[in-house]
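Student: Quick one: this structure, given as structure tokens, is what I'll be asking you about.
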Amino acid sequence: VMSSSSSSVLETEIFQYIDVHQSDFIEELRKWVAVESDSVQPHLRKEVIQMMGLAADRLAALGATVNSVNLGSHQLPDGQDLPLPPVILGELRRDAHNPTVCFYGHVDVQPAKKEDGWKTDPYTLTEINGACLVVRNLYGRGATDNKGPVLAWINAVETFKALKLAMPVNFKFVIEGMEEAGSLGLEKLLEEQNQGFFSDVDYIVISDNLWLSNKKPALTYGSRGNACFFVECGDKDLHSGTFGGIIHEPMTDLMALLDSLVDTTGRIQIPGIYDSVAALTEEERKLYELIEFDLEEHKNNSGVKKFLYGTKEEILLHLWRYPSLSIHGIEGAFHEPGIKTVIPAKVIGKFSIRQVPHMDLSVVKQQVVEHLEGVFSKRNSPNKLKVSMPLGAKPWLADVNDPLYKAARRAIKRVFGEDPDFIRDGSTVPVARMFQTITQKSVIMLPIGAADDGEHSQNEKISRHNYIEGTKVFAAFFLEISKLH
């Protein structure tokens with residue numbers, strides 16, 4: 001364990017090296033962004049596999065031992081077999097007395113085409129001045145999700161090596177190429193490696209999300225789960241001129257069912273759905289008061305004119321720690337331009353519930369089924385009702401008082417000069433829950449991208465500032481973790 005004064009001198013030397021070499025780090029990101037590693041579209045699978053090779057080479061250059069684990073193949077809906085990209089398990093060990101930190105990241109990306117509304121070629125990293133001239137943004141698919149953060153972590157490790165400094169911690173890496181397509185094969189691999197690769201891991205770090213604000217750093221300590229439902233009504237297509245007015249129409253039944261789910265204030269109308277939601281504690285309420293969140297900025301980032309709630313606290317509570325229900329679409333209904341006077345035979349409504357800690361998936365499913373069956377029975381319809389839950393992912397929650405979070409908080413304050421916001425994510429982060437459940441280790445989500453980075457969107461970017469200062473945060477974090485032991 002080093003003293004704070006020697007740690008401070010060391011940090012200054014490390015930060016100077018990162019500043020001096022920032023154009024090298026950006027050049028490396030340019031090479032990674034140039035690979036169209038889109039895991040969603042089958043014809044680009046070769047590029048994903050090529051990207052895994054680049055990442056493996058980059059880790060090997062650090063001196064890490066690299067094991068590219070073959071996961072076999074998966075079958076597409078059309079019956080075609082497609083190879084899965086390997087998962088990289090990397091290891092850089094120096095000292096058995098040091099704590100071991102495992103970093104998870106992914107190097108596959110969402111689809112992107114220039115004609116979809118990108119101002120620049122999505123696979124050519126392009127630096128452009130932001131709205132405020134001091135901000136320079138690096139535009140490109142994967143810049144923030146997740147190639148930029150993965151490289152920032154590697155750059156931070158490389159800085160210690162280049163300066164011939166003793167590594168403050170031992171490093172392990174899990175890098176995959178199927179995150180955007182559901183992390184196929186990852187869970188099985190983690191279970192198989194739990195007694196081996198993960199046995200000496202102390203902490204797991206994920207940097208695959210964003211701050212809540214454009215300017216203020218954040219640490220994420222929770223995410224909601226997601227349960228997807230299909231509700232199916234009906235049997236056979238009929239002509240509205242011949243049968244309209246004399247039958248129970250499946251679409252009308254479905255509309256009534258979907259309409260019964262949520263009221264105009266966004267509150268879910270399914271009895272019992274809120275019963276398991278934990279009561280808000282005073283300590284937690286204080287966390288919400290301290291968070292920097294600009295309603296107007298959030299509206300501008302999302303293009304929304306009005307929210308259901310008028311205060312910061314109410315919006316964040318309903319986004320993070322209360323469940324929500326969204327209706328996504330109807331399969332089987334006529335949706336082409338023009339009109340077709342058919343009574344659709346079988347229609348399937350699709351909706352999902354983002355659940356929060358303490359909500360049990362099997363109980364949620366039962367509550368949904370009972371509610372829909374109750375509404376349906378009152379309609380006296382002869383149509384068939386079928387409710388299914390094809391997908392269920394659980395929520396994740398960490399302890400903000402865990403030493404790992406305190407270490408990250410100190411690292412952020414050292415680099416950015418202010419304490420981070422402690423935030424949750426309203427979406428679902430299956431990988432955080434997966435790592436925590438399987439390995440039973442401390443997991444932290446440490447984002448370096450800003451709220452307006454546009455992950456999954458057109459014109460995705462990371463600012464030069466966040467990429468470089470994020471690299472410094474990771475380096476300072478290594479030193480802070482070493483002080484825990």
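Keep in mind that glycine also has a Cβ here, set from the backbone N, Cα and C atoms.
Sequence annotations record features per position, and here TrEMBL assigns Mn(2+) 2 binding site to His106, Asp145, Asp208. Residues annotated as active site in TrEMBL: Asp108. The feature Mn(2+) 1 binding site is assigned by TrEMBL to Asp145, Glu180, His456. The active site, proton acceptor annotation in TrEMBL covers Glu179. Taken from TrEMBL, the feature domain 'Peptidase M20 dimerisation' covers 221-375. For His239, the entry in TrEMBL reads site 'Important for catalytic activity'.
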Student: Count the Cβ atoms, other than its own, that fall within 10 Å of the Cβ of Asp145 (Mn(2+) 2 binding site), considering every protein chain shown.
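Tutor: The answer is 25.
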Student: Using a Cβ-Cβ cut-off under 8 angstroms and a sequence gap of six or more, which residues of the chain neighbour Asp108 (active site)?
Tutor: Ser37, Asp38, Ser39, Val48, Met51, Pro85, Glu176, Gly177, Met178, Glu179, Glu180, Ala181
Student: Which of the binding-site residues His106, Asp145, Asp208 has its Cα nearest to the Cα of His456 (Mn(2+) 1 binding site)?
Tutor: Asp145
Student: Pick out which of the binding-site residues His106, His456 has the most other Cβ atoms within 10 Å of its own Cβ.
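Tutor: Of His106, His456, the one with the most crowded Cβ is His106.
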Student: Note the mean pLDDT of the domain 'Peptidase M20 dimerisation' (221-375), expressed as a whole number.
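Tutor: Averaged over the domain 'Peptidase M20 dimerisation' (221-375), the predicted model reaches a pLDDT of 90.
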Student: Across all chains shown, how many C-beta atoms besides its own are within 10 angstroms of the C-beta of Asp208 (Mn(2+) 2 binding site)?
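Tutor: Summing over all protein chains shown, Asp208 (Mn(2+) 2 binding site) has 22 other Cβ atoms within 10 Å.
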Student: Taking every protein chain in this structure into account, which of the recorded positions Glu179, Glu180 has the most other Cβ atoms within 10 Å of its Cβ?
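Tutor: Of Glu179, Glu180, the one with the most crowded Cβ is Glu179.
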Student: Inside 8 A of the center formed by the CB atoms of Asp145, Glu180, His456, which other residues of the chain have their CB, for the recorded Mn(2+) 1 site?
Tutor: Val109, Gln110, Gly142, Asn146, Glu179, Glu455, Glu460
